Amino acid sequence: MAVNRSQQKNTTNLYLPKLSSFKCLSVALHIKSSFFQLSIEESIMRLYFKSRKKWNVIDGGHSFFLLSSYSRFSRSETCCGKLNCSLRCEFLSRYSRLKVVLFCEPKRDSSRGLVASDWALEEQEIGNGLEREESNSKHYDNGNEDKSEGEVESEKSARIDVRALASSLQFAKTADDIEKVLKDMDELPLQVYSSMISGFGRDKYMDAAISLVEWLKRKKKESGGGIGPNLFIYNSLLGAVKHSKQFGQMEKILDDMAEEGIIPNIVTYNVLMAIYLEQGEATKALNVIEEIQEKGFSPSPVTYSTALYAYRRMENGTGALKFFVELREKYVKGEIGGNADENWEYEFVKLEKFTVRICQQVMRRWLVKDENLSTNVLKLLRDMDEAGLKLSREDYESLVWACTREEHYLVAKELYSRIRERHYEISLSVCNHLIWVMGKAKKWWAALEIYEDLLDKGPSPNNMSYELIVSHFNILLTAASKRGIWRWGVRLLNKMEDKGLKPSSREWNAVLVACSKASETNAAVQIFKRMVEQGEKPTIISYGALLSALEKGKLYDEALRVWDHMIKVGVKPNLYAYTIMASIFTAKGNFKMVNAVFQEMVSSGVEPTVVTYNAIVSGCARNGMSSAAYEWFHRMKVHNISPNEITYEMLIEALANDGKPRLAYDLFLRAHNEGLNLSSKAYDAVVRSSQVYGATTDLSMLGPRPPDKKKVQIRKTLTEFCNIADVPRRSKPFDRKEIYIPPEHRNQ
């Protein structure tokens, strides 16, 4: 019989789940036996009165009593014997002799819970919303009058296994194939056909779904309109198109609906939007909203959520936010949300959360793209603030993890500030990632500030935090070392100790080398002393840097004492240390010790290089010993070590200054013939010496004067290092006390 208006309204808000692969769908018509060893009446009453949250009752009139569930029925539940007696009698009298249709939701496969990405999650949410909306709006009209009590009794013994029925229909290609299976069967409720059509779509049996609708159309003609496809059958068929992805069938189905005189409803349009999204036509999906309004329909929450999802498909977070803001204004004004069948207060909260999630996911997509969209991310964050939409700590941290490139520095810094300002906690792993990002962007001081926050605000740093921040200090100290910025090296060491970071020999050595390059002998001595006091064992690099600083300060005796101490504690000299000692003995004019150094080098397996000879030649040149320099030049040839530009330049300058212009001239030509490019300084020394001493030399043979080489300056100022290393400037002048603080004053 037809369902009247009041019955339709009562069933609108009841949820009838649709089928998925038909694995657990069972329909029992005219059940005569017990349900779980209970009578039909007791079973129905238990389901209806004791488990309303688990089961929904759909009153299909006098012919059918429909039950749907998304949870298992427990035999351990108590019986409904405590129910009001009159209510019990009324219930039994009404439902004791009915067709009972039981819909059980299929078990979900465990793997379905694992989705490839959040994009799939949102799509699933949209799809579930469509199904709920369609189910909530369904009414079924089987076109039959009430059957007599005797007719109902005569059909009680009949049983239909819908699972087997669906399996027998899944390979149908035509309506005739459907007829072969259903011709001898009694008429079924339309919701059974609708659910089967949806199941066919999910299982990719679109031919069977279309054939079943064609069969229903045939039955409609044969019965004179008694049974046939209605609006909800066609909505299910469009849903099958969406799930099976056979989009070419959509226009044909819409034309078929028009021929049958079936007018689409809001569910139809929502399914069309979902189909367009499946096709990647997000713009077309949004255009459907205009058509909905033109047709006089009121968009449902599913309509709005599908539109928001369309903006996400387009990766247009700004568009999604603007769409929601306009929607909110309409909701506040009462222009939408008047439908009593929808809990708009609840649905609006869901839409707001959905918008926040879409914006967050779009920003993640922007951050992982190859192009730099950091500006877009920052703008969308500000727009969300203006709109009053707030991201959770988890959302912010998820965005932080997407920051992996140098250009993400500003976004990462902004996200970190927001988490610290708006949320009580922050993940330590996120902080470590931020320290890494800041270091990659060469924002060393910003990384240090995050580490300081860990010490002051928590969470407590771990080994990873320690290693990351120390690695940043290493980079800064290495930069200071290469450029001779010894003052910042000292301050960085002090900063490490202030933050509880124990400098290793690597950090101490970097500062020692910086002091050596800057010829800061006193600073090198004090840093070496601090290193030993802190319990760090000096390495050969430490001794080499200290020896070099002492040699540049002409503190030769102190250097010899350091050398003796180094040998005494068992530190094996390397080529650099031997070279410095050879230079020191050369400066003292003690060539006997220079030879001793060479002999010790050979016996230790350390072969002298051009650098070693250059140190000796340079020492001779600086101390006016050109003859000795020339002698060591020939010793290089004997030992098959080829001189380089530095060797020739230092020797030529020494000879020219010592009144030996002809010899200097010959060496310049020799270097030129060997393909070496000497400096303008050596050229000028030869010309000046020839002119002063009246040497008969053809200066034209020297060729054109070489261009002046740019002098490599050792940067010693803090300002220059601040520009290089992105560290804050300090207007306070450097205090020599920063180099070394006596132990008794360090805690003051």
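Glycine is no exception: its Cβ is also placed from the backbone N, Cα and C atoms.
Under the heading domain 'PROP1-like PPR', TrEMBL lists 515-673.
The region 'Disordered' annotation in TrEMBL covers 130-155.
Positions annotated as repeat 'PPR' by TrEMBL: 230-264 (among others).
The repeat 'PPR' annotation in TrEMBL covers 265-299 (among others).
Residues or ranges marked as repeat 'PPR' by TrEMBL: 469-503 (among others).
For the repeat 'PPR' (504-538), DSSP puts the residue distribution at 26 helix, 0 strand, 9 coil. The repeat 'PPR' annotation in TrEMBL covers 504-538 (among others).
The repeat 'PPR' annotation in TrEMBL covers 539-573 (among others). For the repeat 'PPR' (539-573), same-chain residues at least 6 beyond its ends with a Cβ under 8 Å from one of its own Cβ atoms are 505, 508-509, 512-513, 515-516, 519-525, 528, 531, 580-581, 583-584, 587-588, 604, 606.
DSSP places the residues of the repeat 'PPR' (574-608) in helix, strand and coil in these numbers: 26 helix, 0 strand, 9 coil. Per TrEMBL, repeat 'PPR' is recorded for 574-608 (among others).
Residues annotated as repeat 'PPR' in TrEMBL: 609-643 (among others). With helix defined as DSSP H, G or I and strand as E or B, the repeat 'PPR' (609-643) counts 26 helix, 0 strand, 9 coil.
Beyond its flanks by at least six residues, the repeat 'PPR' (644-678) meets 610, 613-614, 617-618, 620-621, 624-627, 629-630, 633, 636, 685-686, 688-690, 692-693, 695, 697, 701-703, 706 of its own chain at Cβ-Cβ distances under 8 Å. Annotated repeat 'PPR' per TrEMBL: 644-678 (among others), in sequence order.
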Completion exercise
Sequence-distant residues near the repeat 'PPR' (574-608) by C-beta distance (under 8 Å, 6 or more away from its ends) are 540, 543-544, 547-548, 551, 554, 556, 559-560, 563, 566, 615-616, 618-620, 622-623, 625, 628, 639, 641
Exercise for the section: Calculate the per-residue pLDDT averaged over the repeat 'PPR' (469-503) and state the result as an integer. Expected result: 88
